[in-house]
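Colleague: The structure that follows is given in the form of structure tokens.
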Amino acid sequence: MDNHGPRYPYPYGQYPYPYPYPAPYRPPSSEPYPPPPTNQYSAPYYPYPPPPYATPPPYASPPPPHQHTSGSHSGPLDYSHNPQPSSLAAAPPEYHRHSFDYQPSPYPYQPQGNFGAYGPPPPHYSYQEPAQYPPPETKPQEPLPPPQQTQGFQEYRRQDCLSTGGTGHDNVSNSGSSYPPVDELLGGLHISTNQPGPSVPQLSSLPSNSWQSRPGDLYGYPNSSFPSNSHLPQLGRVDSSSSYYASTESPHSADMQMTLFGKGSLKVLLLHGNLDIWIYHAKNLPNMDMFHKTLGDMFGRLPGKIEGQLTSKITSDPYVSVSVAGAVIGRTYVMSNSENPVWMQHFYVPVAHHAAEVHFVVKDSDVVGSQLIGLVTIPVEQIYSGAKIEGTYPILNSNGKPCKPGANLSLSIQYTPMDKLSVYHHGVGAGPDYQGVPGTYFPLRKGGTVRLYQDAHVPEGMLPGIRLDNGMSYEHGKCWHDMFDAIRQARRLIYITGWSVWHKVKLIRDKLGPASECTLGELLRSKSQEGVRVLLLIWDDPTSRSILGYKTDGVMATHDEETRRFFKHSSVQVLLCPRNAGKRHSWVKQREVGTIYTHHQKNVIVDADAGGNRRKIIAFVGGLDLCDGRYDTPQHPLFRTLQTIHKDDFHNPTFTGNLSGCPREPWHDLHSKIDGPAAYDVLTNFEERWLKAAKPSGIKKFKTSYDDALLRIDRIPDILGVSDTPTVSENDPEAWHVQIFRSIDSNSVKGFPKDPKDATCKNLVCGKNVLIDMSIHTAYVKAIRAAQHFIYIENQYFIGSSYNWNAHKDIGANNLIPMEIALKIAEKIRANERFAAYIVIPMWPEGVPTGAATQRILYWQHKTIQMMYETIYKALVETGLEGAFSPQDYLNFFCLGNREMVDGIDNSGTGSPSNANTPQALSRKSRRFMVYVHSKGMVVDDEYVVIGSANINQRSMEGTRDTEIAMGAYQPQHTWARKHSGPRGQIYGYRMSLWAEHMATLDDCFTQPESIECVRKVRTMGERNWKQFAAEEVSDMRGHLLKYPVEVDRKGKVRPLPGSETFPDVGGNIVGSFIAIQENLTI
């Protein structure tokens, strides 16, 4: 989102959905892993759309429990009988999967490439098994006896929830407390000491009572496929500020465990890798819908139609969610009206959790909530060796007893650690067979070109020249110039999506002439008069209204109603799109989604000249909205442009009241232009969203329909299709391979399958009453895991991995990104290899820094940073390097700021705030302000780049909150695998250009960001710049990079800087404060 604080709250909620990368699977075959080919991926590259798939390969999934890996099977598999234990399968595929045992059916758009990512490949496809991870040589032991006792279920807040009566609700609680009541939970807890055990315990060495002695699991995080404030089970009340969560210092202590039944403890181990899980079926589930059955029996006695309509049996609608350390990592679809459901569903999911058990929670889905049926737990110690655990297990209730005689769940689970997943060992890879990020809706598109942008505009000569390989020089892009030219040159279509689009914004401001006087609205209106189809898809801010002459600007000040009114009598079609929940969601959930969440994508899609009187599609993707406050240059002026290029474009939501003489808020952002096949995927995203938003409902059915507004480019002869668009040879040093990622769900797009069993054909995740594309999170995890040297991130937010915080583990910020970065660094420390992570964030979230929402965001950010440094320090201690290095030799956080002396003429305006102690007066006196980092980008090893609209927090990564889009790209001729040294392609030039902007210099050590010399040099520059920014004396700042104003000691403890506990001039605790407000307002 783009604004914060009381003026623009940025509410966040819990993460209600897992992180599986779904993929279609055939029924388990007898040969799940064929001999490896010469390279890891050999699926051919198809045109768009690809041809219908042939019969899926027989190896596409692991075998079911009843089928052995030897032999062959030429006919359909029979799943009518109970699965029996089988021999251990070979190592699973190396990517996250989540699939059903159903034959995928053709659909209009079929992504292609790697079969796991884009659907089944042709029969000749083969998959490489990781050579260094041989299959276990022994068969698994018989299923272990069922536990006689089991702990109470941990926190499953906002999804899998259960009241004391057994029923949970999916809607948001209306109580004032931020946390659900579970006070008496501690009353049943038993503290036990857990002696260190073997790091990789053998199944045969497990204690005989391991099933009877489940540990208390108080680093449980919300199982949030179904948002709710209730827990599972509801055992009393815990206040977050005073509970065990708030006081626990160790996020993953192996020395102390809590058990609800006092039956011993289990060892907490780090699961970092992938889990290969099959959920086959359940039997003899209890009927949880007895109330409905009673009503049915009552009405069944009535004569006539009612009797005939109620004769069918009413029973449970079960589903299973899989959680590790309380964070949901997988979820089956709901089987309606079944006490013997058969799912045959597969998950291949990334994990980065300290946990003692894996939980399989069986629930009954209801319209108003969900009821607990029971639980199956698998101790992590049993799977840690890599052995496949498979069998049928009794489903136990919260008392540790069978929920019903004979009720059981058949499943299998196998863990593959990171060091056995070779796909993450070589960066983006080399050669034509690399297929990008698997398990995504859109495939990797080869042979395109990309232009990378920093800020809205870079004037000529403002940044230094950067030499690249092949004697080339990096060319600094001019984003809004290029957008203006692309729109002006369009002949067929101009499609724009935005969180905010303002018709008054001027894209060209550095030249004299008509272009500099032309507003965006005038440009679009003139193009529509030329016959170009101009469509604007803008988020409909629910707080802005224009009804019968009554107008409100809205809390977010997005100008949505103003822009709609401007184009009202033109041929430009403006569709204001609210962020709606599905019809099957509860009323409260619908209100929450519609009020809190947004459409956050920022795209411009136009047709462009393809030569030969043909047209092609190009697209702009990134973080820049076409609205006020966004135009800026790498100088990021505060006062000097207030009477020139920013005269009619003042933006600074930090200040309230009199703005006279205040500094503007400088704006730093990242954007990109895509030319090639991937641009058509951006077009597909727009079409899917437009068709969904244009579908009339309610009173809108009587209004003008927008359904026919989209151009059918396949029916326009002069517009090339994706398979015909010009491509660049992979051998061309300027060739790019590009992939589009999204965070979005089926409530915001048209085209997702209605049947969840068909969802895996498009690599979608199942949620309650919704299908989810969360491939942005998938892409970040893949890129971080594959990083070998350094990671450079610029992002508006940095919150996540709350399941590993030292407090408030249950808020639901469960995205893996911060934990994956910390574990990557820890892995490199243990390997005695250099690695560095540089993370640039805003000084504070946009808005009033003393506001409750802003302070809570800073608090969660502090918890995230603290967790990462503690993880790094632990690795230093384990390797005996804590004396030689500190955590900041590997990980550093920065922000941006600027300061201007008064030049000859003070352009800050006339007058000054009357109160000398207001933030306005103090900022004008000190002549300093932060540069707001609105970027959403990451560079890995100078070979891979991600740029989009998604922030690093739950709201952007979850897929069911804000809608987001991003692109990931690399140049095949500029990778470590090909060069065997640091690549010097366009991505390297882009990163160096950003550093030149932030530090006002280019040092030789910048070419090796992972080196200790570079890390310390950059940190020293940031510390020096912060001192200049915070000093009493006013001076011009050359560089803008500031060390984030917290103190990190050698043990990784993060504290406020002594004497600088609050932000200069504007106030607000730098490390935030815990203020009890609704969680989804801040994560």
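FYI, residue positions are counted from 1 along the chain as it appears here.
Cβ coordinates come from backbone N, Cα and C, glycine included.
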Colleague: In Swiss-Prot, ASP455, HIS636, GLU997 are given as binding Ca(2+), so which of HIS425, HIS599, HIS600, HIS668 is in that site too?
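Modeller: Checking HIS425, HIS599, HIS600, HIS668 against Swiss-Prot: the Ca(2+) site match is HIS668.
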Colleague: According to DSSP, does ASP455 (Ca(2+) binding site) sit in a helix, a strand, or coil?
Modeller: coil
Colleague: From the active-site residues HIS600, LYS602, ASP607, ASP941, pick the residue whose C-alpha lies nearest to the C-alpha of ASP455 (Ca(2+) binding site).
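Modeller: Answer for the nearest of the active-site residues: LYS602.
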Colleague: Can you name every residue in this chain, apart from ASP455, HIS636, HIS668, GLU997, with its Cβ inside 8 Å of the center of the Cβ atoms of the recorded Ca(2+) site?
Modeller: GLN454, ASP632, THR633, PRO634, GLN635, PRO666, TRP667, ASP669, LEU896, VAL931, HIS998, HIS1040
Colleague: Would you mind reading off the Cα separation of GLU997 (Ca(2+) binding site) from ASP941 (active site), to the nearest angstrom?
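Modeller: Checking the Cα atoms of GLU997 (Ca(2+) binding site) and ASP941 (active site) gives a distance of 19 Å.
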Colleague: Averaged over the domain 'PLD phosphodiesterase 2' (929-956), what pLDDT does the predicted model reach?
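Modeller: Reported value for the domain 'PLD phosphodiesterase 2' (929-956) is a mean pLDDT of 98.
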Colleague: Which residues in the same chain, at least 6 apart in sequence, have a Cβ under 8 Å from the Cβ of GLN796 (1,2-diacyl-sn-glycero-3-phosphate binding site)?
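Modeller: Listed in sequence order, they are GLY623, ILE841, PRO842, PRO845, VAL933, HIS934, SER935, LYS936, ASN951.
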Colleague: How many helix, strand and coil residues does the domain 'PLD phosphodiesterase 2' (929-956) contain under DSSP?
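Modeller: When I sort the residues of the domain 'PLD phosphodiesterase 2' (929-956) into the three classes, I find 3 helix, 15 strand, 10 coil.
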Colleague: Of the active-site residues LYS602, ASP607, ASP941, which sits closest to HIS636 (Ca(2+) binding site) by Cα distance?
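Modeller: In terms of Cα distance, HIS636 (Ca(2+) binding site) lies closest to LYS602.
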Colleague: List the helix, strand and coil residue totals of the domain 'PLD phosphodiesterase 1' (595-630) as derived from DSSP.
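Modeller: Taking the domain 'PLD phosphodiesterase 1' (595-630) as a whole: 2 helix, 20 strand, 14 coil.
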Colleague: When the Cα-Cα distance from HIS600 (active site) is computed for each of the recorded positions ASP607, HIS668, ASP941, which gives the smallest value?
Modeller: HIS668
Colleague: Specify the nearest of the active-site residues LYS602, ASP607, ASP941 to HIS668 (Ca(2+) binding site), where nearness means the distance between Cα atoms.
Modeller: LYS602
Colleague: Counting only residues 6+ apart in the same chain, whose Cβ is under 8 Å from the Cβ of ASP941 (active site)?
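Modeller: Long-range Cβ contacts: GLY427, ALA787, GLN788, HIS789, PHE790, TRP976, GLY982, PRO983.
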